[in-house]
Every structure is written in C-alpha cells, then in structure tokens.
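Listed in TrEMBL:
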{"type": "DOMAIN", "residues": "4-251", "note": "domain 'Carbohydrate kinase FGGY N-terminal'"}
{"type": "BINDING", "residues": "Thr12, Thr13, Ser14, Thr266, Gly309, Gly410", "note": "ATP binding site"}
{"type": "BINDING", "residues": "Thr12, Arg16, Thr266, Gly309, Gly410, Asn414", "note": "ADP binding site"}
{"type": "BINDING", "residues": "Thr12, Arg82, Glu83, Tyr134, Asp244", "note": "sn-glycerol 3-phosphate binding site"}
{"type": "BINDING", "residues": "Arg82, Glu83, Tyr134, Asp244, Gln245", "note": "glycerol binding site"}
{"type": "MOD_RES", "residues": "His230", "note": "phosphohistidine"}
{"type": "DOMAIN", "residues": "261-449", "note": "domain 'Carbohydrate kinase FGGY C-terminal'"}
Amino acid sequence: MEKYILSLDQGTTSSRAILFNHEGEPVHSAQKEIKQYFPKPGWVEHNANEIWGSVLSVIASVLSEANVTPIQIAGIGITNQRETTVLWDKETGDPIYHAIVWQSRQTNDICKELKKNGMEEKVRQKTGLLIDPYFSGTKVKWILDHVEGAREKVKKGEVLFGTIDTWLIWKLSGGKAHVTDYTNAARTLMFNIFDLKWDEELLDLFGANHSMMPEVKSSSEIYAETAPYHFFGQSVPIAGAAGDQQAALFGQACFTEGMAKNTYGTGCFMLMNTGEKAVHSDNGLLTTIAWGIDGKITYALEGSIFVAGSALGWLRDGLRMLKHAEDSEDYATKVQSTEGVYMVPAFVGLGTPYWDSEVRGAIFGLTRGTEKEHFIRATLESLAYQTKDVLQAMIEDSGIDITSLRTDGGAAKNNFLMQFQADLLDTVVERAKINETTALGAAYLAGLAVGFWENKKQLTKKWDLDKEFEPEMDEKERDKLYQGWQTAINATMAFK
Ligand code: G3P
C-alpha cells in the first residue's frame with residue numbers, strides 16, 4: 001500500500017491539506033477558506049475554533065477524495081501563518097479571545113509605549129526582531145489587558161499560549177502536546193534566538209509566564225500522535241512543524257548559505273539562509289531561525305512585506321475590478337506601462353525596510369486617462385517594488401550579491417509579475433515547478449523525522465525549475481521606474 005506524508009498548511013486566508021508521495025509530488029489537495037474579522041480599521045482577527053474545524057474538514061476531504069486510508073499516512077507536517085496568537089483555557093480548550101492575526105495593528109499603542117521606554121534595542125538583541133504589532137508578544141499583552149479575568153487565570157496556570165502550529169498540534173493530539181518549533185517561537189518576541197529559551201524578562205514585559213508557554217522543539221521530530229478520535233481511529237505521528245515562510249525556504253531546498261526565496265502569498269516574504277551565523281541587520285531586516293534539525297540551528301535573514309496577494313484580493317473583493325486574481329495578468333499586459341501610476345498597498349502599515357505601522361495605502365499619478373488596466377498593473381508592480389526594497393537591504397546586510405531568486409506562492413504564477421520582478425531586480429528569477437513549496441517544506445520536515453526521506457541531499461535533487469525569467473530591462477528605465485516608487489513611498493509615509 002503506497003504511503004504518503006500529509007501536509008497541513010494553515011494560512012492567513014485558508015487551510016489546506018496536501019498529500020505528498022515519495023517523489024515529493026503533491027498528489028491531492030483540499031482547501032477551505034477561513035473567515036476574516038475586521039472589528040476596527042487595521043484590526044484583523046480569526047476564530048481559532050473555526051481554524052481547527054477547517055483543518056479537520058480538509059483532512060477528511062483530501063483523504064476521501066484521494067481514496068487514501070489513514071493508515072497510509074506515514075506522518076503529518078504542519079506549517080502555518082506565523083505570529084498569529086491564540087490564548088485558550090487549558091481545561092475546556094476554548095479560546096479566551098479571537099486569534100489576533102499577524103497583520104493586525106491593534107497593538108500599536110502598546111508598541112509605541114515600549115519604544116518610548118527604550119526597549120527596542122534590548123528586544124532586538126535577544127529576538128532578532130523589532131517592536132511592531134506584527135509579532136505575537138504585544139498581542140498576548142493586548143488579550144490579557146482586554147479579557148476580564150484573563151490575568152488571574154494566567155497566574156493560576158489555567159491559560160495556554162500558542163501560535164497556530166501549537167494550537168493545531170494541541171488539538172490534533174487531544175490536548176496531549178503543548179509544543180512549538182524553533183521557527184515559530186522565533187516570531188513571538190518572547191524567545192531568545194541565541195540561547196534558544198523563552199526569555200524571562202520578555203515574558204514579563206508582555207504579562208506572560210512559563211506555565212502558559214509551549215515547549216520549544218526542533219522542526220523535524222515526532223511531537224505527538226494524533227488522538228484516534230480526531231483521525232479516523234488512527235494514531236499518526238505529527239512529525240514536522242515550521243512557520244510557513246521557513247517551510248517554503250526548506251521546500252525550495254535553499255539548504256546552503258546565501259540561497260534565497262521569495263514567496264508571494266497574502267504577504268510577500270523573502271528569506272535568505274545565513275547558515276549557522278545569525279546576521280544582524282542595519283537595514284530593517286529580521287534575524288530569524290530558518291529551522292532547527294538534529295540539534296543544529298540554521299539562521300535566516302528575512303524581509304517581510306505585509307501586503308502582496310492580498311492587494312489583488314482587494315482589487316477583486318473590495319473594488320470589484322477583477323473577477324479572479326489570476327485575471328490580473330491579462331489586464332496588466334493590455335497596457336505598455338502604468339503611465340506613471342504607482343500604488344503603495346500599505347493597508348496595514350509597512351514592514352521591511354520601513355517598519356511604519358501607522359502609514360496607510362496610497363495611489364499616485366492618476367490622470368483622466370488612467371484606466372482599470374493601469375490600476376491593476378500598478379498593483380502588481382507594487383509587489384515587485386516592495387521586493388526590490390527588501391533585496392537591496394539583504395544585499396547590504398549580508399554582503400552577498402544575490403544572482404538568482406527562487407520564487408513560489410499564488411502570485412508567482414503570474415508571468416507578467418515574474419518578468420517585471422526579474423527586470424526590476426536585474427536578477428534571474430527561478431520559479432519552482434512545485435508551487436506549493438510551503439506545504440512541501442512541512443512534508444519534508446515530517447518525512448525526514450519518520451524516515452520517509454533520508455536526508456537533505458536527497459531532497460535537493462527533487463527541486464525542479466518551472467520557468468526562468470531573465471532580466472531584459474535597460475538600466476536607465478529600471479532606475480527611472482524605481483525612483484518613481486521611492487518618491488511614492490516617501491510621500492505615502494509623509495501622509496499620516
Ligand atoms: O508572517 C506571516 C506569514 O507567515 C503569513 O504568510 O502565506 O499567509 O502570506 P501567508
């Protein structure tokens with residue numbers, strides 16, 4: 001009977017289950033959208049129980065559609081939207097508040113206060129991160145500040161904290177395992193990425209304590225087995241976990257120092273493997289953990305762009321300019337250029353390299369001649385401009401000249417965007433054949449732990465190119481376009 005690895009990819013907008021065979025090919029998948037809650041402008045929340053329900057439902061769908069029985073699952077890998085924070089009652093399993101999503105800006109005031117108190121440098125030295133509403137720590141504090149009786153319960157050890165990986169492993173194991181992996185812990189603002197421990201002082205800063213924190217494990221090991229009542233009577237090892245961007249780096253087989261990938265999902269995240277060295281950034285990049293395997297930590301530099309694919313979602317759902325996000329390619333190629341239109345999709349502030357949580361989106365250069373096509377093209381181009389901002393920071397910080405960039409994610413399927421990206425970066429863009437590299441990375445991590453695959457060398461051979469995009473734009477044109485973007489960004493940041 002053929003065996004598979006089941007990868008669960010719990011992302012910002014949907015939950016997915018994908019079955020991978022021994023060749024590392026995705027053979028079946030199921031997907032379910034999850035509801036987004038926007039209680040106030042700039043706030044984004046999820047219902048953690050709905051997330052759990054959606055994961056159960058995609059597991060059931062993928063197994064039944066693929067006609068695969070639970071005994072054929074050799075192991076489960078979990079990958080997730082990172083930083084999103086859940087606090088739940090240890091006894092009942094009920095979340096005490098909605099999950100606060102990574103994009104949410106509701107902890108802006110907490111961050112301002114921390115910065116005012118001069119905490120930025122200390123936090124950075126311990127966690128490699130900046131003080132920004134993006135990360136989990138201030139979300140924990142916000143929930144404790146706003147849910148009546150929560151602090152008391154925390155003191156009594158009745159509340160558990162988790163990012164989405166932790167929440168799902170806890171649920172799948174029937175409450176047996178309260179764990180996370182290094183990559184997810186590294187995004188909480190409470191974990192010291194150098195001594196690899198929850199940091200007493202930082203826990204204190206956000207009102208957390210050790211009793212509520214998950215045990216931090218490697219990214220590839222058996223954490224627990226599924227509770228049979230959640231997995232059709234079977235106990236299957238949950239054997240790999242990583243935040244989605246780190247999982248994508250792994251799925252892209254960026255195993256050697258200097259290799260980088262860019263994933264165009266809800267947001268856009270570029271990660272570069274920096275090996276055993278944690279590289280400090282002077283240009284607004286994050287220092288983070290790429291993975292921890294067999295007692296060895298690999299670090300990464302990361303550029304985080306908050307709005308990428310979700311800008312296309314906004315064109316589709318908010319402005320109703322598109323029926324499907326994929327139609328954007330057709331519209332964009334109907335015109336020769338944006339004719340000077342720039343779109344800055346700072347809907348939830350700006351991440352790397354600007355780190356401004358108060359700025360909001362803007363559009364520039366409109367004329368009476370601006371048409372829908374220009375607007376759509378400008379939105380697509382904004383993904384590439386933001387990526388260029390990040391790449392420049394990465395080259396400066398690492399001293400490594402990136403000559404090719406591996407890409408994946410929904411919007412990477414857009415050929416116009418990939419060509420424009422190569423042109424703007426003056427770098428070869430290599431789109432991976434398996435676009436589901438996030439889920440693949442989690443499958444690899446789990447597969448290595450249960451002996452489904454042997455080692456990274458074997459996985460490296462599986463990476464395959466779908467299409468290569470060579471830079472074609474001349475330097476003058478590239479510089480002119482990028483200068484326009486910089487002017488637009490500066491004007492956007494001035495408008496607050
Ligand atoms: O840090 C946030 C990131 O993990 C979300 O990823 O795929 O939902 O854009 P995605």
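Residue numbering: from 1, along the chain as shown.
Yeah, the Cβs are placed from backbone N, Cα and C, and that goes for glycine too.
On the structure: features taken from TrEMBL.
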residue	record	Cβ neighbours (10 Å)
Thr12	ATP binding site	22
Thr13	ATP binding site	17
Ser14	ATP binding site	14
Arg82	sn-glycerol 3-phosphate binding site	27
Glu83	sn-glycerol 3-phosphate binding site	26
His230	phosphohistidine	17
Asp244	sn-glycerol 3-phosphate binding site	31
Gln245	glycerol binding site	30
Thr266	ATP binding site	25
Gly410	ATP binding site	19
**Asked** For Thr12 (ATP binding site) and Gln245 (glycerol binding site), what Cα-Cα distance in Å is obtained after rounding to a whole number?
**Response** 12
**Request:** With glycerol as the bound species and Arg82, Glu83, Tyr134, Asp244, Gln245 as its recorded binding residues, calculate the greatest Cα-Cα distance and give it in Å as a whole number.
**Result:** 15
**Prompt:** Helix, strand or coil at Ser14 (ATP binding site), per DSSP?
**Reply:** strand
**Item:** Site extent for sn-glycerol 3-phosphate, whole Å (max Cα pair distance, Thr12, Arg82, Glu83, Tyr134, Asp244)
**Value:** 15
**Message:** Quick check for the class: what is the C-alpha distance, in angstrom and rounded, between Gly309 (ATP binding site) and the residue listed as 'phosphohistidine'?
**Reply:** 33
**Request:** May I ask for the distance between Thr13 (ATP binding site) and Gln245 (glycerol binding site), taken between their Cα atoms and rounded to an integer number of Å?
**Result:** 15
**CB contacts for Arg16 (ADP binding site) [other CB atoms within 10 A, all chains]** = 21
**In the chain carrying Asn414 (ADP binding site), residues 6 or more apart in sequence that have Cβ under 8 angstroms from it** = Glu326, Ser328, Glu329, Leu380
**Prompt:** Do any of the binding-site residues Thr13, Ser14, Arg16, Tyr134, Gly410 touch ligand 1, in the sense that the CB is under 6 Å from one of its atoms?
**Reply:** none
**Asked** Of all the recorded positions given, namely Arg16, His230, Gln245, Thr266, Gly410, which is spatially nearest to Glu83 (sn-glycerol 3-phosphate binding site) at the Cα level?
**Response** Gln245
**Asked** To the nearest whole angstrom, what is the C-alpha distance linking Gln245 (glycerol binding site) and Arg82 (sn-glycerol 3-phosphate binding site)?
**Response** 8
**Message:** Quick check: in three-state DSSP terms, what is Asp244 (sn-glycerol 3-phosphate binding site)?
**Reply:** helix
**Prompt:** Can you tell me how far the Cα of His230 (phosphohistidine) sits from the Cα of Arg82 (sn-glycerol 3-phosphate binding site), in Å?
**Reply:** 24
**Asked** So which other residues, same chain and not among Thr12, Thr13, Ser14, Thr266, Gly309, Gly410, have a Cβ within 8 Å of the centroid of the Cβ atoms at the ATP site?
**Response** Gly11, Gly265, Ser310, Gly313
**Request:** Counting other Cβ atoms within 10 Å, pick out the least crowded of the binding-site residues Tyr134, Gly309.
**Result:** Gly309
